[in-house]
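Below: one structure, written as structure tokens.
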Amino acid sequence: MALRRAAWQAQQMQVPVVSSRESWKRNKAKTLHKLKDEIRGFIYIFALWRKTLQKIGGNFGGGVQSFFLFLRFLVVLNFVSFLLIAGLVLTPSIVFRSVATGIVNSSVPEQCMEYDPNPQDLVMFYNYFLDLLSGTGFMEYSYMFYGYYNNTMVVNENFSYNISLAYLFTAVFYFIFCLICIIARMGTAARVAVATGGSAVGNYSMIVFTSWDYGCLGDRATKLKQKNIHYRLQVDLEEERIKKRAAALTLRQKILLYSLRVGMALIAFGLIIAAFYCIFLATVFSQANSNQEGILGLIFQYLPSMVITAGNFVVPLLCDQIALIEQYSPSTTVIIALLRAVFLRLVSLGVLLFTLWSQITCNGNTSSTECTPCQYNHKEYPCWETRIGQEMYKLTLFDFLINIAVLVLVEIPRRIVVDNWSCKLAQWVGRQEFVVSSNVLGLVYGQTVVWTGALFCPLLPLINTVKFVILFYCKKITLFYNCRPALKTFRSTTSAFFFLVVLMFGWGLATVVMVYALAVIHPSMGCGPFRFFLNMWEIVPTSFYNLSATTQEFLFFIGSQAFSIPLCVLFCVLMCYFVAFASVYGNSVSLLRAQLKLEGRDKQFLVKQFEEVRRRLQIPGDIADD
Amino acid sequence: MGTTASHLPKDLLSEYQELTFLTKQEILLAHKRFTELLTKDEKDHQNTRVPMDRILTLPELKSNPFRKRICHVFSTSEHKDGSLTFEDFLDLLSAFSDSATLEIKSHYAFRIFDFDDDGTLDGGDLEKLVNCLTGETDDTRLTPEEMRQLISNILEESDIDKDGTVNLSEFQHVISRSPDFVSSFKIVL
């Protein structure tokens, strides 16, 4: 401090060289920086479950923590989507239901408009429970499903609100919003991976030099952080050892290993195809026998879900055993398991949807006898959108109940047995390990189901938010009480990125369904806001021509080639600019590194020279002393 | 120049504001916490030097594995015993504050990690550093083989001039690539 004081006093005596404009700029930059820090601190306080996540990261490592971070992201995404839907569709529907009435078009055949969701006969008490589980009965004709919304249009002097248009645009915007959130988060994850050197095996210097958090207060937090760092270092060192071992194999061993891997991949593929076929058979059987009453009818209704869940349980187990033979490094094993299982899960959902589609549109043949008057199967599905919404609702609910059931009936007893019963079998089975990949897949599957069903069941995001929140606490309980810390864990930076990639696959599937439903299939004529249109999208051109002439011309101009081609060219130019920038920075980084090396060598050279000169000066000195 | 009783004169306060990265509130809070560490007769003296074990009772430093090194680095005592005056304490807080630059922080981080104070981080320094990070007890330490592997990896990555040690510029090169260093190298009272 004394040195600094002297220097400062010396500086005070000089004439200030910095102009007032410079100092104003510097002050501005300082206040901006402080503001940013304060905003960050504010958001930090509101971060959901922050302490829990820190505890999980310390005790079980980054891999498990990345699963819970992903779950938290999905909870927030679903909640914000629900707010969007509630504000733009639900609230206006509730408010304007009593005010305006729907428009009726009488040029539609009578039998297509028959839709009676409230059966008049005596309803037993337990039927309410069955209805809650399957979305029929009292739940069917409610704000829950598409069929309850009307095509009301409120027009006042200076305010008009078209519910059908709002419904359509909200659904489309919901998808775009989710896509933007996922891509933004992928960007952050990718940036962290690139900045930290991003390679599969760790950046040890970075971990050792920068990972300590000096703000850690208290013995417990410090011990937790130390455990965390210990874990990370062990994981990276272990992966490096595996890599070295893999690189040290002889040619014969390598050929054996690769042929083994190809064989195992084919077996995994065969297993997945077999699972698909079973799901297809189950869905056809369920649709054929869907008119049974009571508990048997409920079982038949839930048959596709049960077969899907069974397949999603059995096939990844077998794939895990296959992975043991394949001997990839832990990170690669997780990613491959994830890709295989996501393929299974999403395409099994696709098979279910395909079966539904073939039933609704009579296998795409709209001129067959059942589909002729209304262009969809109006006898089986008087309101097919509500029916699809119900299927998605059932899938969500069933997935949730299975998770709870597995927790209560499998995991807790397993721990009790292993802890209290010391026979050899119990010790061999051991306490459970938290398998991240299958849990992530459960989340992606649940989210895809919600995306697929959101167009037909607007309250599904809210149900999903509640489901995921309860799931967070259940998984946390199972993690802390039933699981042992993993003996081997994996890096979390690349896997966090992959979770989002897999989520994108789900988003893609849901988008395909939404686009197809919007553009191709004829909406139900007995229910819903799009009753009298040829397809759901048709409302947009119809409303478009109600806009003022200048707005129409402006929108036509934006859509035309005269605007979009220069826009594309501009984007290409910007991208080339950024790529050039990036390569210039990369070049300067490598130049500076080379310079650093040279300076080190210069320093060594100078030190050697100095030693020599000193020696030479000392020798005449020694002789003089003699 | 120094602190008198429990009140900081205004000119001294503004001087400290100029010389450090701390704001006025932070300096006043630091003064309050520092005088709490003083005994009654020490409070009347100016420029009292507080021994290290009393400094280490501060909750912000108590469980930090680098606490002793931090005191040694910021101490201006001739006996090299890690005792701090109030101005040393302000230097410490300034280096660990929000507004300190990356260069300052990486400079002090380097000195903290340099356990033998020879100006470079060699294998012995790195081993002590890793032990501090993972915990000193036997079951939290890395095995000797893992330690060897880790140190050789670190030197391979960061020792650019291949002299077997990490000097300040190589250290700063590693630090500059980390996005979190500035926010984690922070102690706030």
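Every residue gets a Cβ built from N, Cα and C, even glycine.
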Candidate ranges A:128-149, A:524-545 [criterion: TrEMBL lists as transmembrane segment]: A:128-149
Mean per-residue pLDDT computed across the domain 'TMC' (A:383-492): 83
Folded-back contacts onto the transmembrane segment (A:67-90), same chain, C-beta under 8 angstroms, at least six residues removed: 48-49, 52-53, 56, 143, 149, 163, 166-167, 169-170, 173-174, 177-178, 181, 185, 436, 439-440, 443, 447, 450, 454, 458-459, 461-462, 464-465, 468-469, 471-472, 475-476, 496, 499-500
Folded-back contacts onto the transmembrane segment (A:331-357), same chain, C-beta under 8 angstroms, at least six residues removed: 63, 200, 239, 268, 272, 275-276, 279-280, 283-284, 287, 304, 308, 311-312, 315-316, 319-320, 323, 364, 387-388, 391, 395, 436-438, 440-441, 444-445, 448-449, 452, 490-491, 494-495, 498-499, 502, 505-506, 509, 513, 516, 521
Long-range Cβ neighbours of the transmembrane segment (A:298-319) (under 8 Å; 6 or more residues past either end): 130, 133-134, 268, 271-272, 275, 278-279, 282-283, 285-286, 289-290, 292, 337, 340-341, 344-345, 348-349, 352, 355, 394-395, 398-399, 402, 437-438, 441, 445
DSSP-assigned states of the domain 'TMC' (A:383-492) in counts, ordered helix, strand, coil: 85 helix, 4 strand, 21 coil
Long-range environment of the transmembrane segment (A:563-585) - Cβ separation under 8 angstroms, sequence gap at least 6: 557
